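Features of the protein shown, as given by Swiss-Prot:
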ACT_SITE  His144  active site, proton donor/acceptor
ACT_SITE  Lys171  active site, schiff-base intermediate with substrate
BINDING   Glu47, Phe48, Arg49, Arg83, Arg213, Ser232, Gln236  3-dehydroquinate binding site
Amino acid sequence: MHTSLTVKNTVIGSGRTKIAVPLVARDAADLSSVLSQIKNLPFDIVEFRADFLECAGSIGEVLRHTQAVRDALPDKPLLFTFRRHCEGGSFPCSDDYYFELLDALIESRLPDIIDIELFSGETAVRRAVANAQKNGIAALLCNHEFHRTPPQEEIVCRLKQMEDCGADICKIAVMPQSSEDVLTLLSATLEAKRLVAKPVITMSMGQTGAVSRLAGQVFGSSITFGSGTQNSAPGQIGVSALRAALDCLESGAD
């Protein structure tokens, strides 16, 4: 049975596709500027991409900047993401530092949702998921393929693996090499809609895959990511344009 998740009155996995805006900044001044630019945009969730910070190697500084995001947008669900270089992020770091940072964010209870990379060691991942949920934070397990689109059955298998690890939300992003690859991702999303009980997020990246960011309500992807001031992944559509497109496609979905 498919279940939804409610975070700060935002229902994920039911009704209309929710829009998350990635927040990308280098330092405190940059962060303040970006926050002022995005605060009136039509989004549902803010994703703080802390791996873009120049101070990403300091847990204390990451916490301080996360607090600033929380203070600026107190009513928006906050997704904390620290994407490592091996999964397409900006900051290369060890497993030890990665999980130490996640633990600190979880213990701070600043985020509402925390991003955890699936292929970071099953024992450590399961422990982080349990710790997040113990502290009232939803665990989003994710995986990114920046060079290919796996077969449909492999995509579904990874989403199921995330659910089996205890995820509250399961996310995968893949890179298409052809239009057929986009269809593979959409078919996998539709299959996961039937097989995975937790909310699923999928996307086919780049210009070729942009249509997948608009088709969530039809195929079963619960959140789409739209750029505010700067893209955090290939193929992101501006938040305002994304909202307008979804308004046309999903009218009456609620």
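For all residues, glycine too, the Cβ spot is worked out from N, Cα and C.
Cα separation, Lys171 (active site, schiff-base intermediate with substrate) to Arg213 (3-dehydroquinate binding site), rounded: 13 Å. Taking the C-alpha positions, the distance from Phe48 (3-dehydroquinate binding site) to the residue listed as 'active site, proton donor/acceptor' comes to 17 Å.
Taking all protein chains in view, 25 other C-beta atoms sit within 10 angstroms of the C-beta of Glu47 (3-dehydroquinate binding site). A separation of roughly 16 Å, to the nearest angstrom, links the Cα atoms of Glu47 (3-dehydroquinate binding site) and His144 (active site, proton donor/acceptor). Taking the Cβ of the residue listed as 'active site, proton donor/acceptor' as reference, residues of its chain lying under 8 Å away and at least six apart in sequence are, in sequence order, Arg83, Glu87, Gly88, Ile172, Ala173, Val174.
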